[in-house]
Structure formats: C-alpha cells, structure tokens
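Some features that TrEMBL has for this protein:
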DNA_BIND  44-63  DNA-binding region
DOMAIN    21-81  domain 'HTH tetR-type'
REGION    1-21  region 'Disordered'
Amino acid sequence: MPTDANRRDAAAPRTQAERRATSEARLLDAAFQIVAEHGVRSVTTAAVGERAGYSRGIVNHHFGSRDRLMARLAAAAQGRFTPDASGRTGRERVLRTVEQYLTGMADDPGSMRVFLRLWTASVGDEEPSLGAAFADRDASFRAYFIEALTDGHADGSIAPHVDPEGTAVALVGLVRGIAMQCQVDPELAADGRVRSAALALIDGGTSASPRDHSATR
C-alpha cells in the first residue's frame, strides 16, 4: 500500500538540481567512508562511484576530476567544526572552543579521522592540491583565536603579556597535536583528563585573574 511519503514523491518529482545534489552528497559520503576506513590513497573515482552505488565514471561527470572531488571532500570535512563564539569574554571563547574541539574527538571520531588524514596528506606528496585549502583553514582557525585573545585583552580576561599571534599558533598546534595522538591511541579521546589538562594549561597561561573553572566544565 502506498505511503504518504510515496504519494508526495509521486506528486512532486525531484528537479534535476535536486537529483544532482543527492548524487553528489552520496558520492561525498562514499569518499568520506573510504578515507575513514582505508586512507586517502584508496580514494579513486571508480571506488567512490561503486561505493555510492553508481557507475565507475559518475565522479568525473559530477565533479570533473578526482582533485575536484577531494577539494569538495576537504571543504566538507572542514565544515564539520565551527568554533564556539558564545563566550561572554575572549577567555571564555578560547576555552570553550578548545573544549568543543577536544570533546568532538570522542563524540565524532570518524569526522576527526577524515579531517586529519586529509590535513596530513595535504602537506606531503599524497594530496598536494589540498595544500592551499588547508593552509587557509589553519589561518582562519588562528585568526579566530587571535580575535578572541585580542578581545580578552580589551575585556580584561586575558593577561596583557599574552601575545595573540604566537598564542594562536600554539593553540592550534595543541588541539591538532592531541587529535593526532588520539588517532594513534583512540582511548585518549575519551579520557577526560586530557581535556582537563589542556584547558588548565591554557587557563593558567593566559588568564588575567584567579582561575574560574566554570568555563571549562
């Protein structure tokens, strides 16, 4: 017996743009799964097409080339994390963003694995075409921290001696370095002591006032 959903589908057939968007989403998801399970080198246009349930040549039809597929995949992986800008002070924004990043490793390890595999491939000889995209992403992440730290100077939550530019590089290195260690030892991602230690380290090195751990809980 036809369902209401089937009746709606029959009454309102999808447009060509909708069908194309669905196909591209399935292809990106297939590429995501391949990277997560087997690594970046295993992503071929044929493997992605077959994994998505399509013909071997559909990737080129939709994306034009493997490089363009990988660029879209990198953008999708990068877009799965958005810094938490809800803090009242610059210090709170820094701490909440770091906590959010480290918590995400445990909540969604597959997304973090794909992001890091693409990121590391972009600086080696595996995926040099992704280098500019990840350089821009890292620069944007640093810029976010620079703005939060600068705002912290203005609102009094960040100590005057803290250099925003240098500290931003250290913060990105801290969270990415922890994330890489968690790929080698996945149990670390769920270890709350790692997150607590990282937040305490940042708080102790940047805070302009006695520690208020409410932002790290």
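Placed from the backbone N, Cα and C atoms, the Cβ positions cover glycine too.
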Quick test of the contact rule: Cβ under 8 Å, at least six residues beyond the ends. What residues does that give for the DNA-binding region (44-63)?
20, 23-24, 26-27, 29-31, 33-34, 69, 72
Could you tell me the mean pLDDT over the DNA-binding region (44-63), as a whole number?
92
So how many of the residues in the domain 'HTH tetR-type' (21-81) end up helix, strand or coil by DSSP?
48 helix, 0 strand, 13 coil
